[in-house]
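So that you can see what the record holds, here are the features copied from TrEMBL:
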- 16-214: domain 'ABC transmembrane type-1' (DOMAIN)
- 286-474: domain 'ABC transmembrane type-1' (DOMAIN)
- 20-40: transmembrane segment (TRANSMEM)
- 52-71: transmembrane segment (TRANSMEM)
- 91-116: transmembrane segment (TRANSMEM)
- 147-167: transmembrane segment (TRANSMEM)
- 195-214: transmembrane segment (TRANSMEM)
- 244-265: transmembrane segment (TRANSMEM)
- 285-307: transmembrane segment (TRANSMEM)
- 319-340: transmembrane segment (TRANSMEM)
- 400-420: transmembrane segment (TRANSMEM)
- 456-478: transmembrane segment (TRANSMEM)
Amino acid sequence: MISNSLLLTGRELTVLQHSFIIGIFGAFFATIIAAILTLLWHQPSYQRLGILRYSVIIPLLIPPFLHALTWDNLLIVLSQTGFLNSGTYVASLRSMTGIIFLLSLAYFPLPLLIFLNTLRSLPRSSIDSGLLATTPGSTLWHIARPLLTPAGLTGFLLTFIFCFTTFDIPEYFSVPVFVTEVFAAFSARYDTVRALLLSGIPVVLTMVVMTILIKRFVGRRVFFSPIISPAYIFRIKSPIINGVLWGFYMLVIIASVIVPLTSFIIQGSFFSASVRHALFSSREIIFNTVWVSVWGGFVSVILSLMVYRWIYRWTAGRIIFLSLFAMPAITFGIVCIMVFNQPFLSFFYASTSMLILAYALRFVPIVCETLYTYYLSINPQLFDAAKLHSKGGLSYIKTFWWPLTKPALILGWMIGFWLIVSELPITLLIQPAGFQTVTSRIYIFLHYGSQEFTNALTLSLVVLSLLPILVVFAAFAYEDSKT
């Protein structure tokens, strides 16, 4: 009865179950990894790493299917050399268990960023009182844990959305999931109504969970903010616990950073003439990636400024708008095609402007949440006082609005840039003829092309993603040091 009312076949129910399992357990393990690394982040020994402490962000900059590629190649090599006795590990990696493992490695920085930002806003008086009255462990469990619960839940939800809607790793390992079934409804059966109904399931589910989350736990707390600077709340003195934390950190970094990057360098003979030629011949593609990501980030910020105050005026607007991000990227791309592929828009649809607009529309909910995050930290009376004491117009914008809003706009642009650089489904669906980005070229060569070419482009993608993020974090760290 339920299956018929939702237009779900037996196969669709099965792949929906697969996606739920992948999403729930991928988000769960990513959140656990993030919680453990949060404790290490606030230790002075970790802060002494300097810029290297941002290594925990790098896994987020490597597209998930490249994590899958490197681990698949590594296990195959270990099996062939006899280090592993059989191909059991390879088969396990190519199953739902392996997909959960890879997505946990790829997305744990998301809840980590949320945990770190939440720790900055904890009431220090409550923490200090707890530390004076009892042990750090008891303070962490009885005081900090309830305050961090909303952060853990929101980090889990955001990671669940990414894990549930991903299609590249399941497609690479030929594991049927819900998103590929949605795409099949569009492309193979040409059943647009069914495809849209299927796409609405994660949106409705996210909307229900987010409503409970905001009403019960979160309230006006933020969902996402990547401002991370040291706030030494819990200094662990036990050398054993510190050793365990450092050991866990090394395992995570080896699995999520060193294995992929080392694999790209070694397998691709990165310093060989062929790789240098591959990078040189791809300079136009790299340039394409940079400029569409830069402009896509700008457009997403502009659109967010236009709709932010109108949508976020009500809690329901925030919930509905953020829930739209749970729509599979494949569905979003096809909807854009249906809307903009019209005769009177042919000149626009065939240009890169269409691709930039699609990127911006896709990621506006996340950028709006960043603006909301930042505005919550500003006393509203500052804006009221600015309106009273300024001459209005350009003077108000230059003297008050821009200095107060600039950090949020920079963060919004950075998030938009990173999401666009690594975006694949929308790029494959909407990119104009003859136009490619680094991500789409990697995906094509992953299936049909040179391994050296793939590895060289992958490293260029990581560098492209990492540089602006490091610059923004360094700028905020400098501002924090001055204040």
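Glycine too: its Cβ is placed from the backbone N, Cα and C atoms.
TrEMBL: automatically predicted annotations, no manual curation.
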**Request:** Tally Cβ pairs under 8 Å between the transmembrane segment (456-478) and each listed stretch (20-40, 52-71, 195-214, 244-265, 400-420), then give the stretch with the top tally.
**Result:** 52-71
**Complete:** Note: vs the transmembrane segment (195-214), the recorded stretch with the largest number of Cβ pairs under 8 Å from 52-71, 91-116, 244-265, 319-340, 400-420 is 319-340
**Item:** Ranked first among 20-40, 91-116, 244-265, 285-307, 319-340 for CB pairs under 8 angstroms with the transmembrane segment (400-420)
**Value:** 285-307
**seg_contact(the transmembrane segment (91-116), the transmembrane segment (20-40)) with at least 3 CB pairs under 8 angstroms, min sep 6** = yes
**Request:** Give me the stretch from 20-40, 52-71, 285-307 with the greatest number of Cβ pairs under 8 Å to the transmembrane segment (244-265).
**Result:** 52-71
**Prompt:** In terms of Cβ proximity under 8 Å, which residues at least six beyond the ends of the transmembrane segment (20-40) contact it?
**Reply:** 46, 56, 96, 99-101, 103-104, 107-112, 114-116, 119, 152, 155-157, 159-161, 163-164, 170, 177, 234, 236, 245-246, 248-249, 252
